[in-house]
Amino acid sequence: MAPNSDQKAQSAGTIPAGDATPEDRTPRAEYHFVKPVRWSWWISGAIVALIAAALGEFLVTGRNWQWDVVAEYLFHPDILAGLRNTVILTVTCAVTGLFMGAIVAYLRMSANPVFRAVGAAYIWFIRAIPALVLLLFIFFLAALLPRISIGLPFLPPFATVPTNSLISKSTAAILGLTLIQGAYIGEIYRGGLLSVPHGQLEAARSMGMTNWQAMRRVVVPQCIRVVIPPLGNEMITLFKNTSLVFVIGYTELLTTVQLIYGESYQTIPLLVVACVWYLALTSLAMLGQRQLEKRFGKGFRAITSVGGRR
């Protein structure tokens, strides 16, 4: 038996005309969500575009930039040697600073009040003394302490060595930057550990884990996501702070640039060369930091914008 027209209409999901109510015969309204015109975005974009255009014109048409001299010295062997020393110093102090920061964080969070006091005093001292002064003080330590002795107080020393034989330019640079980084990285570690609720540690202990197992399996994986952004910023700051070691004669990038423009009198072009290399390596470091943030931030929803929707 073939279905009639009403059955076909019902099977098609429509209502027969005879059975339809006035509301059903009324065409349904279609709603369109209209995005408001964000005038503040357009105005701010126009202002930024004007500033960028003016800056671009200044960079292109300014004769005193001497871009030909910049191109000549950008890959100069002496510049590349100074850049290599900067990278080596940055990597070395980053590794030693990470270990020093772990020690400082342990002292600051220890149950032993003596350890906590030592950690707090160390951070207070490093924060109070300018980095430039600390580097100079370490480099000229021999004027205060001509010989370094190892032994017990009020007893003959077990060994003694001249201070100048231990404190060279590179040693002073590494030691000074490591001490500085250790204080700030230690506080970053401590902030990351405090961001994990204490109940997580208690839950891990209730499952039979030791303190070390709970820290390694529960606490540390959660705090890594929190400490990566400030740690990345601290590494970039360390890379730029390597320029401070010029005061002790360490031949890094800025020292090399100063030596060259001291002879050639091409001050601005060579400073531009230094800025180009600092910008290039800092950009690479920022890209690496962003990739780490994405990797360890999977499964967590973060705020991507403020003051509007994206």
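Cβ atoms are placed via backbone N, Cα and C, with glycine included.
TrEMBL entries are annotated by machine, without manual review.
If you check TrEMBL, you get these features:
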REGION    1-24  region 'Disordered'
COMPBIAS  1-13  compositional bias 'Polar residues'
TRANSMEM  39-60  transmembrane segment
DOMAIN    83-288  domain 'ABC transmembrane type-1'
TRANSMEM  87-109  transmembrane segment
TRANSMEM  121-145  transmembrane segment
TRANSMEM  243-261  transmembrane segment
TRANSMEM  267-288  transmembrane segment
Worksheet item: Hey, which bits of the same chain come close to the transmembrane segment (267-288), Cβ under 8 Å, at least six residues off its ends?
Response: 64-67, 69-70, 73-74, 76, 79, 83, 87, 232, 235-236, 239-240, 253-254, 257, 260-261
Worksheet item: Short question: which residues 6 or more past the ends of the transmembrane segment (121-145) have a Cβ under 8 Å from it?
Response: 104, 107-108, 162-164, 167, 169, 172-173, 175-177, 179-180, 182-184, 186-187, 241, 244-245, 247-248
